[in-house]
Amino acid sequence: MNKNNPIGMVDSGVGGLTVIKEAQKQLPNEQFIFIGDTARMPYGPRTTDEVIAYTLQMANYLVAKKQIKMLVIACNTATARALTVLQKKLTIPVIGVIQPGAQAAQLATKNKIVGIIATEGTVNSKAYEAQIHQYDTDTVVVSQGEPEFVQLVEANKYQDQATRELVMNHLAPFKAVGIDTLILGCTHFPLLESFIKAAVGQEVTLIDSGRETVYAIKQCLDKLALNTDTRHDHDDDVYYTTSDSDDETFQVIATNWLARSHELDVRHLKIVENGISQHLEEISMPRLILASNNQHKITEIEAILNDLGIDLPVVPLRDLGDKVPEIIEDGTTFEENATKKVMTIAKIAPNDYILADDSGLSIDALHGEPGVYSARYAGDHDDQANNDKVLRKLADVVSREAQFNSVLVLIGPNKPKLVATGKVHGLITQQRHGDNGFGYDPIFLVPQFDKTFAELTADEKNQISHRGLALQELGKQLPAWLKGV
Ligand SMILES: O=P(O)(O)OP(=O)(O)OP(=O)(O)OC[C@H]1O[C@@H](n2cnc3c(O)ncnc32)[C@H](O)[C@@H]1O
Ligand SMILES: [Mg+2]
């Protein structure tokens, strides 16, 4: 087992985030991959067979796809019902939240009266009692199921006044019993810590089973010499949910609870039915592929997309490697060629968004030439030869009006094609000026600046260029198109 592999953490939903928060604090160099089974939460009312099956699916995913070196079941219900099965089935160490909490309570109690609050499932399993009584059979254990606490936390109401009152009422019996230690036997409950303390009395020791679990993780890493020797940043930790990608609740709660300044890397797993068995698979996030082999264009498009705040990872065509087929640009219009570009790439990336630009220079005195032949007017992508040919053809021509055109075509999975165009007027100079840009930039004069495209900065060009205008146009249509309007 490679000690630099990540630690996996599985949970029924969001409660386990309190465990990962503590783990990130105490184990700053380890990398964590968390799965919250949000599609099937809460686990409390589930049957034992279901809880075992779901926990195993998450564990199998993490072992097979993420090569985790250790698994933490950051959920009391899942620990109570599935820990021993998983410890038998997996070859990596598996740690649950109950044993560490029980042990800490046993050490903390003086009067040997310990309270437990947990989900109904955990209470009914008597898992905490069993653990505590392994150390000392005399300890009196008073358990109470508090499923409502879980719901309030999951609804993000853990700071509400009404929640405080409910906690005070529910926990009053513990005061009467005279506990001196209370186990927070559900990973949601640390978020209610101040209310719980107020309810049971400040003198009662609260045992955060999640925090105790992190001590157990540390001990296990030390014992098996599995501490990482590379430094991970917790910003690289990955959080999976099993609900579909539109569920924002997890993102909001997680960002809030973990108090991170930036958005977390939340990804999604889908539950795949396979005959009688189920397993989890990652839902890959669609990308925006820029179907162009022209690095100048790609740089321009990336800069403008960045300003438009597009929320998809932008991938240049070259990142797709050698599986990219040849794109044959034999259309008679820019739109035809741009469409050919996106359609060719769609064959190898059917689940992605694909954007192509077909563009060119059209000179009035040359009846629109070079037009769709711009890239290969004199020599294939030979800018020098292409510029020379234009200058030669216009040698005795007074009227030097020209336009650059850009036609963008965007397609996406199950979406109609979206077309946006941009045009900029200019004049063909007598000779080249400037070194910036590419193609015909050195001979295309923009009267407004009295400079050629090649004399403008990249920013200035993007503000007024055919491509810049087409992308602005695309940006306007995009929200409605993405929504399918
Ligand atoms: O097809 P891809 O791989 O996107 O890259 P390309 O350079 O071949 O692009 P086109 O087929 O659209 O050909 C457009 C040609 O028009 C010219 N052109 C287009 N936009 C230009 C610009 O902003 N500045 C200068 N020349 C441009 C230049 O010669 C390009 O090679
Ligand atoms: Mg081309």
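In case you wondered, yes, glycine gets a Cβ from its N, Cα and C as well.
Per TrEMBL, the features are:
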type     : residues                                                                : note
BINDING  : 11-12, 43-44, 76-77, 187-188, 292-297, Ser359, 438-441, Lys461, 466-467 : substrate binding site
ACT_SITE : Cys75                                                                   : active site, proton donor/acceptor
ACT_SITE : Cys186                                                                  : active site, proton donor/acceptor
ACT_SITE : Asp358                                                                  : active site, proton acceptor
BINDING  : Asp358                                                                  : Mg(2+) binding site
With DSSP assignments reduced to helix, strand and coil, which class does Asp441 (substrate binding site) get?
helix
Let me check the 10 A CB neighbour count of His296 (substrate binding site). How many other CB atoms are there?
15
What's the CA to CA span in angstrom from Asp441 (substrate binding site) over to Cys186 (active site, proton donor/acceptor)?
65
Cys186 (active site, proton donor/acceptor) versus recorded positions Gly44, Cys75, His296, Arg467 - nearest by Cα:
Cys75
Can you tell which of Asp11, Asp441 has the least company, meaning the fewest other C-beta atoms within 10 angstroms of its C-beta, among these binding-site residues?
Asp441
Distance, Asp358 (active site, proton acceptor) to Cys75 (active site, proton donor/acceptor) (CA atoms, angstrom):
54
Measure from the Cβ of Thr187 (substrate binding site) and count the other Cβ atoms within 10 Å, all protein chains considered.
31
Annotated recorded positions Cys75, Thr187, Asn293, His296, Asp358, Asp441, filtered by Cβ under 6 Å to ligand 1:
Asn293, Asp358, Asp441
Length of the line joining the Cα atoms of His296 (substrate binding site) and the residue listed as 'active site, proton acceptor', in Å:
13
Per DSSP, three-state class assigned to Arg467 (substrate binding site):
helix
Could you find out if DSSP has Asp358 (active site, proton acceptor) as helix, strand or coil?
strand
How many neighbouring Cβ atoms, not counting its own, are there within 10 Å of the Cβ of Cys75 (active site, proton donor/acceptor)?
34
Pop the Cα-Cα gap between the residue listed as 'active site, proton acceptor' and Asn293 (substrate binding site) into the table, whole Å please.
11
Find, for the listed recorded positions Cys186, Asn293, Asp358, the residue with the lowest Cβ contact count at a 10 Å cut-off, counting only other Cβ atoms.
Asn293
